[in-house]
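Copied over from TrEMBL, here are the features:
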DOMAIN    26-458  domain 'Amino acid transporter transmembrane'
TRANSMEM  30-53  transmembrane segment
TRANSMEM  59-79  transmembrane segment
TRANSMEM  116-140  transmembrane segment
TRANSMEM  184-209  transmembrane segment
TRANSMEM  272-292  transmembrane segment
TRANSMEM  312-332  transmembrane segment
TRANSMEM  375-395  transmembrane segment
TRANSMEM  401-420  transmembrane segment
TRANSMEM  432-454  transmembrane segment
Amino acid sequence: MSETASATDSTPFLHTQYSDYAHVKRTGTVWTAVAHIVTGVIGSGVLSLAWAIAQLGWIGGPLAMILFASITLFTSFLLSDTYRSPDPENGPTRSSSYLDAVNLHKGEGNGRLCGVFVNVSLYGFGIAYIITAAISMSSIQKSIVYGSLGSEPTSEAGDVYNMLIFGVIQLVLSQTPNFHNIQWLSVVAAIMSLGYAFTGMGLAVVKVAENGHAEGSTKGIPTSTEMAKFWLVAQALGDIAFSYPFSVILIEIQDTLKSPPPENVTMRKASTISVFITTFFYLCCGCAGYAAFGNDTPGNLLTGFALSKPHWLVDFANVCIVIHLVGAYQVYSQPLFANFENWLRFKYPDSEFVNHVYLLQLPLLPAFELNFLRLSFRTAYVASTIVIAMLFPYFNQILGVLGGIIFWPLTIYFPVEMYLSKCNIEAWTTQWVLLRTFSIICFMVGLFTLIGSIEGIVTAKIG
């Protein structure tokens, strides 16, 4: 067992560095890290950004997006320095997960609190990705029916079936033993994300050209009351906050990197490249979408082009989204799988059900390692996310609430607090005051977005 493991044995659920991961050969580079981050970040959130910019207007929308990108990049730098301890480049103790890092630097109490936020966010991302993938799959089906019959299908049952199809795919992929075995999936998914980002942006640009002018205003979509505008701004900020969620998987990604060079140096480069790429596409897609639709900007950008020509191009974008979300679901689920399964391995070291691995050989397929704990838990996990997605298939509202829940605690509070503790920064020094002020301001923003998004769900439900 690793040095880190023995330091955290009293709270094993907060730890993922166990014997089955201790000797994994780390081969990741800056570009595999970029692929992982882009896969995790450019997901369902990009589809809501045109709507978010539409609420904030031509000045507030882009500025808010750049601000959230800068905040995310800054805190990713802080977080990358907590991977090794005590020295950020050569320290002998590794933190193999976000939870592990919090437990090491801030103690068990903060570790348990962080564990709640991390696992809720990872679980929530899975639900959001199922909803988004089902929307894209339904859009493809509607386009095909419209192209052949000339009319839109009226049945809504397709979303349920599409969620089930997407879930079956995740049931198979979830049996991948750990995060190190899905780098290929991240690369494919990252390519797909660029594919639909380019397509959505291109369709919006073409629509602007057809209109002959850019829609929209500096004040955004008008509302009947100032209070309605107030809550819509909060929801828009929540959607933007949801679009930069990779803090919770940064340490897992960093744990795949080879050294030298030091992992934190590589991670900073990867974070900078990834945030630049994602922000560029976010601005292009969001601004082009608002310019194309103006006050009629849809909550999901591609739904505005559902019946547009050429149909095959819109279908291609939706196919790219589905393939990308197949990978993104795994990127966000694998850390949760590791947390729970390693906790059970620690608690029941002699259990054959928990620990024994069987070698399964099927005709025409390579040998597969079968573990009954992995099979049963991951199957139940995927099934539960499917059921919840079916019960609450609300796209923009779910994204806003998730963004409001995770923004401050996971992106801001814990990275700042871990950095202060690790670097032994004394209270009331300039650096201490600046970091704490930064954290407090972001807390107010996060609370505002959460309340606004919840208000949006209540209003939509009542309406």
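Glycine residues also receive a Cβ, built from the backbone N, Cα and C atoms like all the rest.
Curation does not apply to TrEMBL; its annotations are automatic.
Quick caveat, the model's predicted, so the values are computed rather than measured.
As a quick check, the transmembrane segment (401-420) and the transmembrane segment (184-209) miss the bar of 3 or more Cβ pairs under 8 A, pairs 6 or more apart, so the two do not touch. Here the transmembrane segment (375-395) has long-range neighbours at 44, 47-48, 123, 126-127, 130-132, 134-135, 159-160, 163-164, 166-167, 170-171, 174-175, 299-300, 333, 336-337, 340-341, 457, 460, meaning same-chain residues at least 6 beyond its ends whose C-beta is under 8 angstroms from one of its own. Nonlocal intrachain contacts for the transmembrane segment (116-140), taken as residues 6+ away from its ends with a CB within less than 8 angstroms of a stretch CB, comprise 43-44, 47, 98-99, 158-160, 162-163, 165-167, 245, 248, 300, 302-303, 306, 314-315, 318-319, 321-322, 325-326, 328-329, 332-333, 335-336, 339, 382, 385-386, 388-389, 392-395, 398-399, 402, 405-406, 409-410. Between the transmembrane segment (272-292) and the transmembrane segment (432-454) there are fewer than 3 Cβ pairs closer than 8 Å, counting only pairs 6 or more residues apart in sequence, which means the two stretches are not in contact.
Beyond its flanks by at least six residues, the transmembrane segment (432-454) meets 71, 230-235, 237-238, 241, 397, 400-401, 403-405, 407-409, 411-413, 416-417, 419-420, 425-426 of its own chain at Cβ-Cβ distances under 8 Å.
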